[in-house]
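Asks: Structure provided below as C-alpha cells; questions to follow.
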C-alpha cells in the first residue's frame, strides 16, 4: 500500500510545496491542473504548473500525513494551502492495469491499433500492434485518432510519408501498414526514435521506416507530411514542412486546439497550401491541405 497526499496551491507556491513534500519523505511529487486551464507548451527545460496547481505527494504506507500537513501549514500559511485530501493506493501490477483500459481500437473502416494479448476478428482489418510505452502515441488521444482516421481514408499505395514529431511512431507505422512505400520518422527525443524503431520492427515495417532527428533528416520530398505536435511549433515549422512536401502533395496537421485552428491554417495558406475545412473533436482540430505552389 501507498499513501497519496494532495493539496491545491497557486502556481508561485507549487515548487516550494513540492520541495517541502520531498523533504518530508515523499517518494515522488507530481503536478496536476486543479482548474481547467490548458497548458500544452511550457518552455523547454521547465516543469509545467498551472494558475491553480494540484500538488500530489506519494508516500510509503504508515507515514504521518497529518503531521506533514501541519508542518506545511506552519511554513506556508494554512490560507495558501487549499483542498487537502489523502488517499490510500493499493499495489498494482501495472501491466495488467493498463491492459484493463487499453483495448483494440478501430480508426476508420479498416485500421486497428491492438495491444499485446488481443486479436481482431475482422479478416480485412489492417492491424497495428502497439503497447503503451515511453513515447507519446497509442491512439487514445483525439489528435492521434484524427490523424489515424485520415490515413485510413487516404490512398497510400507507394506513397512517401513524413511523420514529423513521431513519438511512438504510430502514424508512420500506420502509413506503412496501409501501403506507404517509405516513411521518414522525425523527433527531437531519442526515446521517441528508439520507440519508433522497436514498434516498426514489431509490426514488420522496419525496412520501410527511417528515423532521424530534425538535423539528421535526409533530403527528400514527401507525398504526405504528418505533424501531430502543437500549434506554435507547427506555425514555426511551416517553411520547413512545406519544403518537404512535393507540389500536389498533402499535409496533415494536428495537436491544435479549436481556438488555434484559424491561426495555423492561415500560416499554411500563406505558404501555398490550399487548406480544407477543419475537423473538430473534443476541443482539438485536424487540418489538412494540398500544396499548390
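Placed from the backbone N, Cα and C atoms, the Cβ positions cover glycine too.
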Asks: Among 122, 187, 207, which residue shares the S-adenosyl-L-methionine site with 144, 165, 228 according to Swiss-Prot?
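Replies: S-adenosyl-L-methionine site check in Swiss-Prot: besides 144, 165, 228, the record includes 187 out of 122, 187, 207.
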Asks: For residue 165 (S-adenosyl-L-methionine binding site), just count the other CB atoms lying within 10 A of its CB, please.
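Replies: Other Cβ atoms within 10 Å of residue 165 (S-adenosyl-L-methionine binding site): 24.
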Asks: Specify the secondary structure state of residue 228 (S-adenosyl-L-methionine binding site) as given by DSSP, simplified to three classes.
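Replies: DSSP call for residue 228 (S-adenosyl-L-methionine binding site): strand.
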Asks: Take the Cβ of residue 187 (S-adenosyl-L-methionine binding site) and count every other Cβ within 10 Å, whichever protein chain it belongs to.
Replies: 25
